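Report on the structure given below.
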Amino acid sequence: KVKTFAFLQIVVLIALSLHLASAGSKQLIGPQSSTNSIKAEFCDTNCTAGTNGIWNGCSGDCFCTHVGNSTEGRCMKITGFDEYPTSEAEE
């Protein structure tokens with residue numbers, strides 16, 4: 001019984017140490033850093049689907065997003081994805 005109890009104490013201490021070590025490392029580093037992250041934001045304009053099925057109203061880097069079969073949507077812009085390699089660059 002004593003050996004089993006001692007073993008369980010050691011296991012609990014190791015688990016607690018691992019948890020505390022990982023909980024203390026909240027720094028943003030590497031590819032998960034917020035400076036390297038992809039950012040999505042809404043543009044100032046809305047968009048609509050024309051009778052020809054082409055979406056109108058977004059300009060610049062913005063594109064139209066909509067829900068389901070709605071003919072109205074909101075313009076959105078995504079930035080930061082150019083910092084990541086493409087599948088062609090990895091080959």
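Yeah, the Cβs are placed from backbone N, Cα and C, and that goes for glycine too.
In Swiss-Prot, Cys43 is paired through a disulphide bond with Cys62, chosen from Cys58, Cys62.
A strand conformation is recorded for Cys64 (disulfide bond) in the three-state DSSP classification. Comparing the Cα of Cys43 (disulfide bond) with the Cα of every entry in Cys58, Cys64, Asn69, Cys75, these being the recorded positions, the smallest distance points to Cys75. Sorted by the number of other CB atoms within 10 A, the disulfide-bonded residues Cys43, Cys47 start with Cys43, the lowest. Within 10 Å of the C-beta atom of Cys58 (disulfide bond) sit 19 other C-beta atoms, taking all shown protein chains into account.
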